[in-house]
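Database features (Swiss-Prot):
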- Asp525, Asp531: Mg(2+) binding site (BINDING)
- 591-650: domain 'KH' (DOMAIN)
- 662-734: domain 'S1 motif' (DOMAIN)
- 737-757: region 'Disordered' (REGION)
Amino acid sequence: MEGPEIKFAEAVLDNGKYGTRTVRFEAGRLAQQAQGAVAAYLDEDTMLLSATSVGKHPKDNFDFFPLTIDVEERSYAAGKIPGSFFRREGRPSTEAILVCRLIDRPLRPSFITGLRNEVQVVITVLSIAPDEFYDSLAINAASASSMLSGIPFSGPIAGVRLALIGDQWVVFPKHSQLKEAVFDITVAGRVVTDSEGNEDVAIMMVEAEATEGAWDLIQGGATKPDEAIVAQGLEAAKPFIQQLVAAQASLAQQAAKPTVDYPVFLPYAQETYDAVSALALDELGTVYQTADKIERQDADDALKTRTKEAVAAKVEAGELPQSALTEFSAAYKSVTKTVVRGRILRDGVRMDGRGLADIRPLDAEVQVIPRVHGSAIFQRGETQILGVTTLNMLKMEQQIDSLSPITKKRYLHHYNFPPYSTGETGRVGSPKRREIGHGFLAERALVPVLPSREDFPYAIRQVSEALGSNGSTSMGSVCASTLSLLNAGVPLRAPVAGIAMGLVSDTVDGQVRYAALTDILGAEDALGDMDFKVAGTSEFVTAIQLDTKLDGIPTSVLDGALKQAKEARTAILGVLNQAIDGPDEMAPTAPRVISVNIPVDKIGELIGPKGKTINAIQDETGADISIEEDGTVYIGAVDGPSADAARAQVNAIANPTNPEVGESFLGTVVKIATFGAFVSLLPGKDGLLHISEVRKLAGGKRVENVEDVLGVGQKILVEITKIDDRGKLSLAPVLEETADQEGRDAASHGSEAPAEG
């Protein structure tokens, strides 16, 4: 039996010294009953199947386009059996949900306006190489299958992920390559042609972040991902997008079905719009100059009711068709949009009276909830976010069972959007896709500035509660997270703030004019063309998310919006720094976590037979102990004394020569520094005799140079005064008179306890 004819097209993307990546699209063999189906390959080992299906009958009672994107991660794709009780895949992973949103954002505006037939795009991960991402490949697969489906679709849409490694943007990077990268960006766009026939790529979606290791790389001299570098990344994506668009177009020429003339339900007829405009246009201009959200909504609701009654009267009188009643809401919204956008483009004034680049009033406060480990409130206008931080041992970090090589995550950000935040009623409970997406965006914004596991061995859960919403609660969550984390004592490398930018565009005198808006309101988001969220430190960008309702946005416009966002971010960081300018002391209710390094061959001895030894230590001290494969032991307890007691017992078993606070040693000076001297106590155990302690050896006189008092190789009697959480030793000199006095005291008291010093 002869098999089906397979049509294919491919694009070979050149990464220079990093080699090439081949993206291949095939059609004709798999999912033959779907309206459009494409198998997409990244090199040889990663394979996705995208199937686009369309309902036979329109949902004419819907006033929106019923598009559903589903990503199905199959465990067999990575050679795994699911870890659930029934050993089969369950609900989508967080990664799958985020990829669904990533695909939906550029695809949705590409279908014909007014389509009411249900459209479903299902992307199934059939095979994935261990070190690969599949998200940007999925954007291309979904676009390609939609191109073949016969649905009116203004594609192709292409998506690429790029990583900035050194001074090169590498397309379709691998997980392991991100360790060398400072910035990671995913861009989706389409190819557009201007009136002179010149081709360019219009950007439709951006998702980007600084990598987890970006801070250390930047400190080591790597390129800092500021606004100019991000703009370069958008430009670097264009040629790769053009190649992938060309490959999809080639496949569509071979295998696309004829475009079907599906019924299109336009939101309103022109006569309905004209009637609503005549009745409401002037009053809308007044309503949308009201700064207060609730007052504006009340005035708008009253005007809308009066206008609808007037339209109903015209229908009853035969002046308008019956359909005008069902078209009224869409027409009213369109007139509102015309009023708001016209004032912005014409006068440079927004509905609450602000200029294009003005920020609403800001307020920030920390330590607002008792007993929690860290808390803060950040307010921008009517948007109010409560941030709450919880710390625990690293064994409480999230364990991840997905197709990604990442198996655990110690920083979690969870975002909640209750209905009362907008003064409404609604369902509460498990998070929706939007909440998961917003939480992940705010999480990515903070990851680059978190302290390392070694410096801060805690699992961190950050929760953002949207208590009030009128524009960009996700960027408000970034600001609240910075405040709350610092209040909890987390030593962030730098504070992070976020701002949401909007865009209004229209054709004026034959030219498309754009106006970028800083700190958009909820209504400006709904009535505008773009939602562009930018988070970062004072020095570089840490996270970006772009959505647009247009066919695409020129990179020059995005470059200008990035620069405008930097000014706003700098102003917000000033407010955050006034509220808290560094990490606070950890709350008394927070656990204390310290670390001890033991020889790997001592791990078994510390655990004991069937865990007997480690369990006994935990029971006796009340501490929790976890052991890493490299011999790092994390000890967590409700207070410092319990943690210290557990550390002493661990050292007694695994590091019997480890010194303790209060012990005296005759040490040897091994190194002189400007701030003190390093003294060797035992093999591999050095401590610092700070210059303030060296003064005691000089009779309390000021010491300008440590070399004037001590020299390398000199013997000195010292006492351990402190062991910090990383095992570093602080020393003090034991003076002769002190030692003699202690000896006399001990002799006079005999067997009694020694006198207090």
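Note that Cβ sites are derived from N, Cα and C of the backbone, with glycine treated the same way.
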Can you check which residue among the binding-site residues Asp525, Asp531 has the largest number of Cβ atoms within 10 Å of its own? Asp531
Could you tell me the mean pLDDT the prediction assigns to the domain 'KH' (591-650)? 88
Please count the residues of the domain 'KH' (591-650) that DSSP assigns to helix (H, G, I), strand (E, B) and coil. 32 helix, 16 strand, 12 coil
Where does Asp525 (Mg(2+) binding site) sit by DSSP, helix, strand or coil? helix
